[in-house]
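This report refers to the structure that appears directly beneath it.
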Amino acid sequence: MGDLGTYIPIVLSLALSRHLDLGTTLIFTGIYNGITGLIYGVPMPVQPMKSIAAAALSDPSFAIPEIMAAGILTSGFVFFLGVTRLMKLVYWIVPLPVVRGIQLAQGLNFAMAAVKYIRYEQDLGKAKSMGRRPWLGLDGLVLAIAAICFILLVNGAGDDQSRQGGTEKIRKFLGLLPSAVIVFVVGVAFAVVRHPAAVRELRFGPSRMRVVRISREAWKQGFVKGAVPQIPLSVLNSVVAVCKLTRDLFPEKKAATATSLSVTMGAMNLVGCWFGAMPCCHGAGGLAGQYKFGGRSGGCVAALGALKLVLGLALGASLLRVLVQFPTGLLGVLLLFAGIELAIAARDMSTKAEAFVMLLCAAVSLVGSSAALGFLCAMIAHGLLMLRAWIMGVKLR
């Protein structure tokens, strides 16, 4: 459950504001989780496409048909790059400092959003921050701070070497504590306490699936407003960055290639989006979050997928009545640690030139709110630095 800090807020926001079918999304993302866990053998995440979600939350005219059109078009392009093996060329061309810049920007973006979730009340339906969060209460600052302290005590900074000291009993005890699961279960319990009537409003049975009808105008708007900004993010963060991060975290695993990630991401949306499931992708932030909270194999995401599938089949969209009361501060805590873990991946830049390119990419991506713009500027800067080093006859440092 290490990446639920991004999954729940986005899916809840779209379910509340754009009538996204929560039950259908749970069923399909549960299947996606199970398949990717089996294929890759690492905690490969399944997360909503964030640029498409942002377009839907900021534009009332960007409804379900436009969302699904954007997801199908984005996935079709990525799938094409995968089956033609052109994604391998992209993976080979993009230098590591640029990828680290994308990861740093995405991680800091998650972390800053998480701090807002913790400090301020949130209207998830409108994706807006409201007044300051009270200290006490079932969604107060004290609860969020307690969750942060609990996770730090259990997981530390996420370095496995930190668990080599101390007594064997303490190491085993901390290793068995699933901190993200505990935080999530506490959040569900508090959600029920906050609104007990929501339990009585639950209805058994899955949502009725329907094929989404997409008009010509919806295809056009989905392409212009959704697919165009999403494609660079999917290529860079969901394929290239995930592939490199998998190599860093799990060097013994060979299944997560640029080609395979492109194919699985494209294939799952080319099916699910036609039935109204939220367009999804893999994500470096989700992988970092799973790793941060102890995920080391595909079994953890497969278990999460089984849980999503059971909830989607058993309760369908009525589950929204309970989850809408989930303490937003606890979501912020999960998102905060996932974001920090992703940003920490940028610590391996060994030269000043690499650090410069990485920081330039991150700064432009954050300020310009565009991973594509940050990528372009960083690639140009990296090329100019290489040209300068070649002219001067020195190594790039």
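Even glycines carry a Cβ here, placed using N, Cα and C.
The transmembrane segment annotation in TrEMBL covers 22-42 (among others).
Counting residues 6+ beyond its ends, the transmembrane segment (62-83) has Cβ neighbours under 8 Å at 14, 18-20, 49, 52, 55-56, 90, 212-215, 218-219, 221-223, 225-227, 230-231, 234-235, 238-239, 258-263, 265-270, 273-274, 276, 278-280 in the same chain. The transmembrane segment annotation in TrEMBL covers 62-83 (among others).
Residues 118-119, 179-180, 182-183, 186, 190, 193-194, 293, 327-330, 332-333, 336-337 of the same chain lie 6+ residues outside the transmembrane segment (135-153) yet bring a C-beta within less than 8 angstroms of a C-beta in it. If you look up TrEMBL, you'll see 135-153 (among others) marked as transmembrane segment.
The transmembrane segment annotation in TrEMBL covers 173-193 (among others).
What TrEMBL records for 300-320 (among others) is transmembrane segment.
Counting residues 6+ beyond its ends, the transmembrane segment (326-344) has Cβ neighbours under 8 Å at 1-6, 8-9, 12, 103-104, 106-118, 121-122, 124, 133, 138-141, 143-144, 147-148, 151, 155, 158, 180, 183-184, 186-188, 190-191, 194, 245, 284-286, 288-289, 291-293 in the same chain. Annotation comment: TrEMBL describes 326-344 (among others) as transmembrane segment.
Annotated transmembrane segment per TrEMBL: 356-387 (among others), in sequence order.
Long-range contacts of the transmembrane segment (300-320) within the same chain: residues 1, 12, 15-16, 21-27, 29-38, 43-46, 201-207, 290, 294, each at least 6 residues beyond the stretch ends and with a Cβ under 8 Å from a Cβ of the stretch.
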